[in-house]
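Database features, via Swiss-Prot:
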type	residues	note
BINDING	GLY32, PRO33, PHE34, ALA35, THR36, GLY37, LYS38, THR39	ATP binding site
Amino acid sequence: MLNTELLTTGVKGLDELLGGGVAKGVILQVYGPFATGKTTFAMQVGLLNEGKVAYVDTEGGFSPERLAQMAESRNLDVEKALEKFVIFEPMDLNEQRQVIARLKNIVNEKFSLVVVDSFTAHYRAEGSREYGELSKQLQVLQWIARRKNVAVIVVNQVYYDSNSGILKPIAEHTLGYKTKDILRFERLRVGVRIAVLERHRFRPEGGMVYFKITDKGLEDVKNED
């Protein structure tokens, strides 16, 4: 019997890293550089699990064509896959706030997942330092996760920190305080990525797995890969 409190990622290694899958009732932050598979990850979790998906697309990164490709490659009904996703496209930080607030009334028992991709795009584009606004939006998402019993994935961008010489997540402390589970994606080589578990409610931090990006979406990397 499937554990309905966990959503599979479709990647055995990622599911094991996360203690069985993406948990309902909490916020999972996924961050990393461009083209490391963050959006594909969020889409795949929505595709492979029962329930509708509220997908807040702030960057125009959600691709119906890509979702259709993933569904078709897995022999899933493409039309049903597309119908599962309810897309919102806020054009600035204020619209993002309004959309997230509306989700409190929109998300019901038919939904299993909420995605904000990416959570910090407008914040970054507007050169904002309003950490309080992001914190308020995260509080709403926390409420939705708990009260509506859905999983919430917030995709985050990175910036180069000249002091430490490493890439860090935007609004690191604000998101770090509100997100219980944190995954970092990194590029290894063409098509192959690494997922690092930076924090988890009960899993040891620092664990990592390899995965690859294919027509199906994200897949486990086998030894011969």
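Using the three backbone atoms N, Cα and C, a Cβ is placed for every residue, glycine included.
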- Item | Intrachain C-beta neighbours of PHE34 (ATP binding site), sequence separation six or more, cut-off 8 angstroms | none
- Count of other CB atoms lying within 10 Å of the CB belonging to LYS38 (ATP binding site): 24
- Just how many other Cβ atoms lie inside 10 Å of the Cβ on GLY32 (ATP binding site)? 24
- Determine which residues of this chain, when GLY32, PRO33, PHE34, ALA35, THR36, GLY37, LYS38, THR39 are set aside, have a Cβ within 8 Å of the centroid of the ATP site's Cβ atoms, and list them as they appear in the sequence. PHE185, ARG187, ARG193
- Note on the structure: Close in space but at least six residues away in sequence, with Cβ under 8 Å from that of THR36 (ATP binding site), the same-chain residues are PHE185, GLU186, ARG187, ARG193
- Query: Would you say which of the binding-site residues PRO33, GLY37 has the most Cβ atoms within 10 Å of its own Cβ?
  - Reply: GLY37
- What is the number of other Cβ atoms found within 10 Å of the Cβ of ALA35 (ATP binding site)? 12
- Structural state of THR39 (ATP binding site), classified by DSSP into three states: helix
- Enumerate same-chain residues with a sequence separation of six or more from THR39 (ATP binding site) and a Cβ-Cβ distance below 8 A; give 'none' if the list is empty. GLY61, PHE62, ASP117, VAL155
